[in-house]
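Visitor: Take a look at this one; I'll ask things after.
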Amino acid sequence: MKILIVGTGYVGTTTGLIFCKIGHQVTGLDLDERKINALQAGKLYFYEPGLEDLLTKHVSAQNIRFTTDTEKAVKENDVIFICVGTPLGPQGKADLTFVKNVAGTIGRYMNHYKVIVTKSTVPVGTAEKVTNWIKENQPSPIPFDVVSNPEFLREGSALYDALNPDRIVIGASSDRARAVMRELYKDFQCPIIETNPQASEMIKYAANSFLAMKISFINELARVCDALGINVNDISTGIGLDHRIGPHFLRAGMGFGGSCFPKDVNALIQTSKETGRPLSILEKVVQVNDEQQLYFMKKIRQVLGGNLENKTIAVLGLAFKANTDDTRESPSLILIEKLRGEQAAVQVHDPVVKSVGFMQFSTVEETVKGADAVILCTDWDDYKTLDWAALKQLMKQPIIFDGRNMLNKTKIEELGFRYLGVANH
Ligand code: UDX
């Protein structure tokens, strides 16, 4: 099948490469020439482990090509995946401007029956809107179908997730489109959920919101555990082994960030309000998360004598989680802003993220030099194996705030550090 991927971000690029891998011919289309030139040269312009090798291989084999020529790309392909961004708009709603533009262009250049698939996370009812936007732009009527097929891949493990999905969701409103989608995914072994486009769109929001809810639950519980001197990690293990609960997304930490959870939870809250049945549980999820992102502020202030002025704080990790260079809605950046607001001198480090405009160092040693405290904000593996005995010699005061509960408290304390985790007692 000839597949067009519109929007070559991490979702689009990963999706395109997965289809190449299973034998389809793929074109990647984007308006941004720099991205297209990089990808066509086999270079990934964002950080995603394992993806560049696959890209280089399939570009050389000419299984995938990248272009900015919209008209030709639309005309030549049978299945078109819309993978453009749907950022959070002004009223907490997903902004569909990019999706609308793409739909209009598809309508304008469509020359035969096509299946148009929304991969981007889009609010319930978008498939219908896309259908209308395409129709409005068609010079003369040509049949087509719009299908919702949401993506569940995580940044940092996008390739693994795309190759090993837990399920594939297909929201189609015609047998013809359903048959095309079945054929496309025939090599995947996982369950395929066939439903209508609205339910498919809702599944994506419900999944992300549920996971966010698990995180906020464990984070709020961590505060209670902290007050009671209980280790929250033991609680996560203890409840996670109940198969009805499951072990995932129960790691207490600095709160969730990234390009998906905050945006999607807010968008679903907005959708629910529009129905007159607000999902108040999700409003609480957001509130708990906002508080959690500042979990250490009070502690840092207390431990450092009530005032952060002229204190030097070393922040390790800027990415919203490990294995990505994405800092969108990163708890780390939110904390840094607050620390700076209280006149602390903040020195930052990240193994991958560069130039965020703070005082940033390329080594952890330089970053912790003269620091009154270190805050571990991102769960990079690099930070698990640091030589803390040596780093201690460089610091002004041996204090560690571990926002990801990733260090061994006993060992760190044996080195003479004061250690504060997230209810990591
Ligand atoms: C998420 C969804 O997992 C994915 O299915 C969807 O397609 C896009 O959104 P992603 O944003 O890449 O993926 O990150 P994810 O690994 O889910 O983590 C989200 C946030 O939750 C991160 O800030 C992470 O640090 C935090 N988190 C995750 C926790 O604080 N505790 C956990 O136990 C798990």
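FYI, residue positions are counted from 1 along the chain as it appears here.
Backbone N, Cα and C define each Cβ position, glycine as well.
Since we're looking at a predicted model, the values are computed, not measured.
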Visitor: Besides Asp30, Lys35, Thr86, Thr121, Lys263, Arg328, which of Glu155, Glu220, Glu365, Glu366 does TrEMBL list for that NAD(+) site?
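Guide: Between Glu155, Glu220, Glu365, Glu366, TrEMBL records just one in the NAD(+) site with Asp30, Lys35, Thr86, Thr121, Lys263, Arg328, namely Glu155.
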Visitor: Of Lys72, Lys75, Lys321, which does TrEMBL put in the substrate site with Phe152, Leu153, Arg154, Glu155, Lys204, Phe249, Leu250, Arg251, Ala252, Gly253, Gly257?
Guide: Lys321
Visitor: Between the binding-site residues Asp30, Glu155, where is the Cβ count within 10 Å the lowest?
Guide: Asp30
Visitor: Report the DSSP secondary-structure composition of the domain 'UDP-glucose/GDP-mannose dehydrogenase C-terminal' (314-409) as helix, strand and coil residue counts.
Guide: 29 helix, 18 strand, 49 coil
Visitor: For the NAD(+) site made of Asp30, Lys35, Thr86, Thr121, Glu155, Lys263, Arg328, how many Å separate the two farthest Cα atoms?
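Guide: Looking at Asp30, Lys35, Thr86, Thr121, Glu155, Lys263, Arg328 as a set, their Cα atoms extend up to 24 Å apart.
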Visitor: What binding-site residues in the list Asp30, Lys35, Thr86, Thr121 lie within 10 angstroms of Lys204 (substrate binding site), counting C-alpha atoms?
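Guide: Those close enough are Thr121.
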Visitor: Please check the binding-site residues Thr86, Arg154, Lys204, Gly257, Arg328 against ligand 1 and give me the ones with CB under 6 A, sequence order.
Guide: Arg154, Gly257
Visitor: Note down the number of other Cβ atoms within 10 Å of the Cβ of Lys204 (substrate binding site), including every protein chain shown.
Guide: 26
